[in-house]
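Participant: Straight out of TrEMBL:
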type     : residues       : note
BINDING  : VAL201, GLU391 : FAD binding site
BINDING  : PHE308         : substrate binding site
DOMAIN   : 25-415         : domain 'Amine oxidase'
TRANSMEM : 452-471        : transmembrane segment
Amino acid sequence: MALTSGTWGDSGCPGSNLCGKTYASSQTHVMELIRELGLEVFPQYTEGKKVHHVGGPHAKIKTYTSSMPSYSPLALLDFTQVLWRIDHLTQTISVEDPMSSPNAELHDSMTLHTFMEKYVWTTQVKEELALCSRIVFGLEASQVSFLYFLMYSAAAGGTLRLLETTPGSGQEFRVKGGTQQLSEKLVEQIGKERVRLGSAVMTICQNSENIKVTTSAGTVTCKAVIVACPSHLAAQIRYEPALPAERQRLTQCLPIGHMTKFIVTYPTAFWKQRGFSGEIVARPSENCPLSVTFDATSPRGSPALVGFITGVQARDWCDRKMEERRDAVISSLVKYLGPEASTYIHYEEKDWAKEEWSGGCPVNVMTPGMLTYYHPSLRKPFGRIHWAGTETATQWCGYINGAIQAGQRAAMEVLAQMCPSSLSQEELDAVRASLKHSDPRKDSKCTSSKCYYLFGVVMTAAALVSAYLLAKPELRFKWF
């Protein structure tokens with residue numbers, strides 16, 4: 001029996017990805033499921049100018065067509081050195097057992113914001129990383145363990161993969177007809193009579209022989225349970241016997257991000273006609289609630305933009321009237337894309353923090369110290385209870401791909417426990433290795449001469465720029 005919550009719809013989802021419906025070729029689990037179900041994907045539209053606005057409401061609005069915004073020479077150097085530093089650290093991380101990574105306790109004792117203050121030189125790059133935290137986690141950089149950030153990046157194959165639309169990155173593809181088809185087709189295979197909706201789980205009681213699950217609609221007896229709902233919701237279930245203290249502490253201290261998703265439909269894709277891709281990345285301000293938008297035009301050509309209000313802005317705007325948020329979003333779109341943005345057909349939004357069976361979006365994260373003391377309880381079964389959910393994944397954690405991988409892993413654990421003869425020796429070994437926090441990435445640390453060469457280039461360039469600025473102090477103010 002598997003317990004889960006949330007949806008996989010085009011309106012967004014907890015434990016999904018940035019747009020709630022985009023995928024990457026590197027997300028092998030969900031791509032395999034898409035093929036198995038006979039669905040198709042199409043590329044996220046990225047042609048044209050992208051809008052980039054950081055530095056506050058009065059800063060210059062910039063556009064670019066390359067893979068990254070234009071920076072000042074010093075900010076570009078800063079971005080290069082900090083990205084190299086983060087990627088180098090990411091390659092040393094064991095996603096399965098992060099505390100076995102070098103300097104793990106040190107990195108888990110600091111937040112992403114602490115790291116930024118220590119290693120980032122320029123205000124511009126600090127703002128970029130702060131935006132990254134809001135867009136990826138729905139939380140501020142001061143709320144996320146730096147080790148967790150590294151682990152999350154490692155699970156995606158690199159930091160930039162979390163943000164970009166390039167091949168292999170998280171926003172590469174969309175599903176024709178919508179992501180909801182994944183759950184609908186799976187229900188068809190399972191049988192609708194086997195899927196119970198509107199049946200909130202209240203109690204899970206287990207003994208040496210079976211488990212009794214009490215819901216708002218009745219009681220079910222089974223041999224094993226997979227709990228796949230977000231960790232903070234799993235904590236609301238009463239367990240008999242009680243969960244181990246470490247597991248209880250873990251589920252009580254995993255905050256979930258705060259995102260409000262909006263979709264604006266239009267009579268025409270005017271942004272394409274004006275040479276824009278529809279992608280906007282902005283530092284939210286008093287009058288601009290949005291952090292990011294993308295083109296959401298359907299394969300049949302129905303024009304739309306999708307975007308997110310995230311982090312502290314989601315907190316600040318969530319209790320205002322919908323009409324006020326809508327007007328602020330439309331006003332911001334007009335500011336960035338032109339007056340045609342005011343002529344919309346429909347505005348729809350979803351605040352996942354107000355959704356009863358998710359309570360936030362996109363994923364539960366770990367604050368400083370949580371990985372150090374409680375991470376082993378994240379996937380460790382408790383008797384006949386097994387844990388899934390995207391936050392337990394080791395590949396594309398926080399995305400639907402991670403949810404699928406975690407579900408497959410938990411199912412293998414159940415089979416290994418109840419019917420080991422149904423698994424091959426290789427599969428049994430994989431289950432045992434997972435439960436023992438094996439580290440298949442331990443040989444992937446960046447020790448090649450290429451890494452040291454790049455570091456040398458960066459540091460040499462830094463020294464040359466610093467010397468140049470010292471020689472011509474009048475340029476410092478221009479570059480900042």
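Placement of Cβ uses the backbone N, Cα and C atoms for every residue, glycine included.
Whatever TrEMBL says is automated annotation, not expert-curated.
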Participant: Determine, to the nearest whole angstrom, how far the Cα atom of GLU391 (FAD binding site) is from the Cα atom of PHE308 (substrate binding site).
Facilitator: 21
Participant: Enter the number of other CB atoms within 10 angstroms of the CB of VAL201 (FAD binding site).
Facilitator: 22
Participant: Just the number: how many Å between the Cα atoms of VAL201 (FAD binding site) and the residue listed as 'substrate binding site'?
Facilitator: 31
